[in-house]
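Summarising the annotation, TrEMBL assigns domain 'Glycoside hydrolase family 29 N-terminal' to 13-351. What TrEMBL lists as domain 'Alpha-L-fucosidase C-terminal' is 362-445. Under the heading signal peptide, TrEMBL lists 1-17. The annotation site 'May be important for catalysis' is assigned in TrEMBL to Cys280.
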Amino acid sequence: MLPVALLVIAFVARTSARFTPDWKSLDARPLPTWYDEAKLGIFIHWGVFSVPGFGSEWFWWRWQGQQPPDQSCVNYMSKNYPPGFSYPEFAPQFHAQFFDPEEWADIFKASGAKYVVLTAKHHEGFTNWGSPNSWNWNSVDTGPHRDLVGDLGEAVRSRSLHYGLYNSLYEWFHPLYLNDKKNGFKTQEFVMHKLLPEIYNMVVRYRPEVIWSDGDWEAPDTYWNSTELLAWLYNDSPVKDTVVTNDRWGAGCACKHGGYYNCEDKYTPGKLPKHKWEKCTSVDTLSWGYRRNMKMKELMDLPTIIKDLVQTVTLGGNYLLNVGPTPDGMIPAVFEERLRSVGAWLEINGEAIYASKPWRVQTENSTVPIWYTSKGTTVYAFITTKPPKPAVQLLEPKTSPSTKVTLLGDATSLPWSPVHPDAGLNVLLPELPYTPAQVWTLKLEFVQ
């Protein structure tokens, strides 16, 4: 019985081990498995910045923060608003009167996404929930007079999707932050009296399974108390076992510390990274938030999105695709069309995406560009360009006479011949079915 007792003691010790507030300990925390299996998430940038709907979600900063100001923003205000109009006056116009969280959640479910990340607070400091630390600058006290974070969370979770929240550490014009900045970040008035109490309240109230941190780059992680916050999150918070975090926890942390790595917006590594990562990108290539004047040519089309998703997953990443709703609470129809079309492609090809792993080779280009994922002994080959002939050559797979090849969406075995005695295939393709995504997937089953 002694070996069994020792095993029990070791298991209890391992499961009860606590993370200490230092990067060596925090970086060693295993990522909850749901995140890597999910592969696709939806990002939502929504806030007061959606009201002017001009330039991007950085409108306030570019109008009144940066020096010199962005002249296009200055001109926009002078032509459309009275003299002396202030940015906070946009908040009452953030009505969200058509916001239907059930409808949004239906769209996200139809997209094939497995998690949703909403901006709880962007750099402007406005919270999409009734934060007790953001008096009169939140969605309950003004504008929608509604708990947007809570309402969407309920709808998303009722569809078995994971729910996460984006939170900006810094706030452009908060007086406590500006004072700490003036002091060279040697004081922490903003952190202690605004940031940390607010994050604690947000986590306890909404239990997000993703904390998508941002706005960290002006100060070191020691100013933000990032390691102490993460230690609490991983040890004692109500989401300690399921929460995942990114890498934006202070200047120099990106691609180095935290949970999964974002590295930078729209990051794509040149080769398979050793650490789990996520690519965040936006359907609107010029903005994360809603723009009144966006044009079709400025949006990602479906083939671009699907190829981007495929290449991200084959390199071990997750894909977080952003849409910017209108201030009245509508997801623009063109964004909805993109999301539903992604879901339609995943209905057929999702087997090769969800819970897949990078293969020993990620890509080859013998006949046309091919990208690979795998599950156990099964390999999936994504054809990202329609071949000029009804055949495709795959040089990397090692074959045997029992190797079976099918096209996802059709169980019919496809004829193939070896390129070499034990490696490579020439696959005879059927007439490829029409797909707006212009990406098809071969399934290669290797019987042991």
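Glycine residues also receive a Cβ, built from the backbone N, Cα and C atoms like all the rest.
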Within the domain 'Alpha-L-fucosidase C-terminal' (362-445), residues counted as helix, strand or coil by DSSP: 0 helix, 45 strand, 39 coil
Mean of the pLDDT scores, which run from 0 to 100, over the domain 'Glycoside hydrolase family 29 N-terminal' (13-351): 97
Cβ contacts of Cys280 (site 'May be important for catalysis') (under 8 Å, same chain, 6 or more positions away): Phe43, Asn262, Asp265, Lys266, Tyr267, Leu320, Asn322
